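TrEMBL lists 145-168, 812-841, 959-980 with the feature region 'Disordered'. For 155-168, the entry in TrEMBL reads compositional bias 'Acidic residues'. The domain 'Striatin N-terminal' annotation in TrEMBL covers 767-870. Annotation source TrEMBL lists repeat 'WD' at 1081-1122, 1134-1166, 1187-1219, 1324-1365.
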Amino acid sequence: MAFMAATDHSNQLRMAGLQALEDIIKKFASVPEPEFPGHVILEQYQANVGAALRPAFSQDTPSDIIAKACQVCSTWIGSGVVSDLNDLRRVHNLLVSSLDKVQAGKGSSSQLYRESATTMEKLAVLKAWAEVYVVAMNIKKEAESKPKRAVKNTDDDDDDDSTIDELPPDSLITLVQPELPILSRLWLAALKDYALLTLPAEFASQLPPDGGAFYTPETIDTARLHYRNSWAPILHAVALWLNSTGFTCSESAEAAAISALQKRSIPVNLSQASGATPSAKSLAEINKDRMHLILGVSIQFLCSPRPEEPVEHVTACLQALHTLLDSPYARIHIAEDQLIGVELLSVLHRLLLTWNPPSVQLLVTGVVQQIVRAAQDYLQEKRNTLNEDDMEKESCPVLGEGGDSGGLIPGKSLVFATMELLMFILVRHMPHLSTKMSDSPSHIATKTRLSEESARLVAATVTILSDLPSLCSPAGCMTILPTILFLIARILKDTAIKSADNQVPPPVSAALQGIKSIVTLSMAKTEDTQKQWTALIRSTLACILEYSQPEDSVPVPDEVSMLTAIALFLWSAGSEIIGVQSLQNGCIYRFKNALNSCDPWVQAKCYQLLLSVFQHSNRALSTPYIHSLAPIVVEKLKAVERNRPGSSTELLAVQEGIKVLETLVALGEEQNRVQLLALLVPTLISYLLDENSFASASTASKDLHEFALQNLMHIGPLYPHAFKTVMGAAPELKGNNNASLQVNHGRNREPDKKAESSVVTLLRLEQAQIAFLQGERKGQENLKKDLVRRIKMLEYALKQERAKYHKLKYGTELNQGDMKPPSYDSDEGNETEVQPQQNSQLMWKQDVKSKRVRALLGFSSDVTDREDDKNQDSVINGTEAEVKETAMIGKSELTDSASVLENFKFLESAAADFSDEDEDDDIDGREKSIIDTSTIVRKKVLPDSSEDRDTKEALKEFDFLVTSEEGDNDSRSAGDGTDWEKEDQCLMPEAWNVDQGVITKLKEQYKKERKGKKGVKMEALTFPPSSGKSFIMGADEALESELGLGELAGLTVANEADSLTYDIANNKDALRKTWNPKFTLRSHFDGIRALAFHPTEPVLITASEDHTLKMWNLQKTAPAKKSTSLDVEPIYTFRAHKGPVLCVVMSSSGEQCYSGGADGLIQSWNTTNPNIDPYDSYDPSVLRGPLLGHTDAVWGLAYSAAHQRLLSCSADGTLRLWNTTEVAPALSVFNDNQELGVPASVDLVSSDPSHMVASFSKGYTSIFNMETQQRILTLESNLDSTANSSCQINRVISHPTLPISITAHEDRHIKFYDNNTGKLIHSMVAHLEAVTSLAVDPNGLYLMSGSHDCSIRLWNLESKTCIQEFTAHRKKFEESIHDVAFHPSKCYIASAGADALAKVFV
């Protein structure tokens, strides 16, 4: 109907149709199309709108219809509905044709209509162009804030139906850009006309006699109305244009651009627009005139806006001022002439008196903040320019308002005008802040919670208030600080109200940040003001302590916010300021109340704050708090044994308390370490569950058990001597610990389950050592027996040949004694008669070593010790008649940990499998098995392995079985052979009766035969890993990284093997694992952007561009349809995002995961049971809710297990820190001014949990302190300014153990940086195309990288060399691999690709 009316012949109907069309566009621009998701309903009418507008721009169309058509054009273009570039050009051409009429100047239009109608038409055209330009600049700004993404080919048939057809972000500004030279002159001319027309009547003489650019003297009265309707968008457009050009465009440049446009349009005649003869002006004068024009128009309007003025004009004027003050030129101009800023603040104050909308008040606070920051920058630059001479003359403190006296003059002071305006806003939203309002009879004392808009306004006001002291001199600071601190303290008291969801309101966050910035202000602390400064800080802290007390008449205050404010004073102020006894007692009392609170959330936060207080660098400040609060912490933690946690919040409180106690142990001196551990270790052991109670325990209780066990694993290797003392002093602790270990191993029998405790791991090494010695001894004994048999057989054959030769030569029989064949049974019996003493010695040394390990850990009881002493005595004295094989494997030590050691009997069986027991094989095939924890190295020992001189020395090669057991440190092949020689001397004459001359000849022949043979061959076999952490490491690496044994390392098998001549290659890559594809995950319909492993389970979560996340249980497999491999089906699909899901991360417990998408949302999920039935009904508790704050796509997430915080980076240019325990606004925002560009990736610095590292679109990589919200270091980037594409960083990660950051670049490089200095450590070209993803294994030894060249590469971080490469995915739209990941504890790696597949390797 609107189309039919707009194209009718009746002018009234055409006007009504265009008006209806404009209303339809405004109402339905964002209404989605139900049949085509991702599209809006008006997209199908693009051609209709263009056809309806075209007739309105004909030559004979009345001016009012053209004006309305221009308005519809700007509304249509600004609605964002247009997705077809051709339709956009058609509407744009209509505006271009109308612009030609405006360029003609006044008096040149058709005389069909009166002159005032022509003025209305031209101003409507300029207004429409201004609105289009504003929309184009907004689109351009949003596009620049987003990371660059590859443009997909929309012609591909495989595209998803939900793909949104979007115009290139620069398409609209590209169309407007050619017209900007003439448009800017026309806009400025229109603003000059408007400024003159709004002058009071007494200034009528200043009006140009010939009229303005678009009106004549005869139409001046009617023209005022048309200017009044059009000036606001034009003002906003001019401000945007000046900001984009940086005030560098002069009139001569514009004239040159206009002359180029004259070829296609009629002559431009604007010489009379200014009402003066053209004169050559400098650029500075031109810019000054333009600044005064914009400021004058704005101030004139804001002084007294008419009530009938639309609110859009007010907002457009305020946005123009905000945009103008973004320009460095404007900021310098307004800071140099302070009276302009004061006048502008006064006008804004007057505006707030008559305009109540919150949107207007928010824009006003934005302009005020721009004025204050401009003054801050100007003053800071002046302070920086002072030389050392000025500093000595004490001229520096005089800078800033207030001078030496501290007085602020109303009407001239920027600080006074700002405080006056801000106080008005605060009193409007919080009337009780004013004593006059409180004393008023009409004032009601009840306090209600602020609305969301009021909370934002109050927060913005507090932020500006905290910036004002930096504009003052020290004396000036003392003038305003009492008022500012009073307001902040009262706002904190009135807004910090306890809520059910424990969310922190924006005013509270702003107040806490303001307290921190004021307390750390250095300008205020001078010799003259130190006393007054100290009194202010003390009184403010006293007020907060008073406000934190609950009252009956007001809502319950939020204890966490108040404690945080108190902790801010303790962190930032010195002990000499707040170390007063009364204040100290008040702070301690508040912490005691929080510790005794019945709310576990308050307890958890109190523990976190106490941790930071205890760690304060000033011991004089932290010591009183430790002495007063540490006993309460210990008492609360010990009470948990009786009242175990029943919820995740209660568990969090206990965990935070244990962290406080561990910090106290670390802070204590070495001589007090045992006493401190005597508090911590029994508390942790009391949290452990036995096998019976574990099955029926709650989830929180089981998690507490795991937490305590992990902490015990950490404490044991960290403080070995103190830990041994504590465990030995309390035998009952050993029983509890053993029971918990049995529970742990009963639930985790697989080798890649959670890491065993340090105690169990040491016992496991003991068992491996015993099996190693057994296999080695048995193999060498068998080799020795075989050599002896061969010698006997050679002797017997030689006797027979000698008898034959003697009979043939002399004809008589040679008398050689008994010629019976050798009896091997008797030989073996003889040998076994010699060996019991050796075996007894070996067993005795093994028992001694085992006893040392167990005694150090406090696990040997008195009864066991006495039995061991008896056994040792009998072995040493040689009275042991028979030694069973069970004694050889350490059965005497299996007292308390028998059930634990049974889990590791596979080591014994492995040794038996690889030992050489076949006595009939040739010696060339003999193999010796050496078990070294997680790697078996087989060595083929050949008969010519050394150049000995006779058979006796050949036997000496194996006497290391004796020498090594006796503690010889020399090589095993270098033994003296004394024992073997004695043995031969006692065996040979009695058993063999051999001619020594014949033996000598045999020895010479044996020596010649051995010269041509090879020595030792080695090959490496991979042994099943002992835990998930050693899946990619060598044996030594795995032991060192998992145990950290310290002195206990002297008791391991490594020392026993030091004397071996067998040397394992130093190249650790020889022992690495080779990764092979195992699973292909097929269920997504579009590219997979990210993936994350469960921390302990074989579970993977993938995030895809098909708007979903899927969970996969890698143990639920099924045969693939087209191959012999196994496929995995998803067990759960997460649906909540309205666009592609770009990133995913899991919590340290695996119970929650978080995903970020192109819709700007961070969705929080509760992960389901890995064994859930895929066809179960929908569970609404899975979706926890979104974290709101970002306004554009979320590109990266990182989870902090230490603080339970979540980091996010977004295309809106900000990094945000979230509290993962609640669905609440962000705790902190970083890079909100986009100084570094748009963040593309973020990660936590593993070496310092309070730091994070982020990469940005401009090529910067910076490290931030999450507590202070400050950037502390920017890494050395070495950017090439001529190649913008090379500076893009796709991924940044932090090394898990070293202070190193690793970045993946678009230019195919991987770079390594030192987090301490920011220097570049190493740079390498890693792939053939852009590197998109990085991951480091949990031990920090290997790096995995993915690239758009379809390959995944594994790198040795020590040598920076590629040790494995495999192709994983196919390309799609020039993209391939989006993400790679290591499993934190299992032998899995995974990759995500643009081909909608995820692949898992083992």
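Even glycines carry a Cβ here, placed using N, Cα and C.
Keep in mind that TrEMBL annotations are predicted by a computer and have not been checked by a curator.
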Quiz item: Quick one: DSSP breakdown of the repeat 'WD' (1134-1166) into helix, strand and coil?
Solution: 0 helix, 19 strand, 14 coil
Quiz prompt | Beyond the flanks of the repeat 'WD' (1187-1219) by 6 or more, those residues with Cβ under 8 Å of it | solution = 142, 145-147, 608, 652, 1139, 1142-1148, 1154-1164, 1225-1232, 1234, 1237-1244, 1249, 1252, 1254, 1264, 1266
Quiz item: Who are the chain neighbours of the repeat 'WD' (1081-1122) in space, where the CB to CB distance is under 8 Å and they lie at least 6 residues beyond its ends?
Solution: 160, 162, 753-754, 1128-1135, 1137-1146, 1148-1150, 1153, 1155, 1157, 1165, 1167-1168, 1170-1171, 1372, 1375, 1378-1379, 1381-1386, 1388, 1390-1400
Practice problem: For the repeat 'WD' (1324-1365), jot down how many residues DSSP puts in helix, in strand and in coil. | Solution: 0 helix, 25 strand, 17 coil
Quiz item: What counts of helix, strand and coil residues does DSSP assign across the repeat 'WD' (1187-1219)?
Solution: 0 helix, 19 strand, 14 coil
Self-check item: For the repeat 'WD' (1081-1122), the mean pLDDT of the predicted model
Solution: 87
Practice problem: Just give the helix, strand and coil counts over the repeat 'WD' (1081-1122), going by DSSP. | Solution: 0 helix, 26 strand, 16 coil
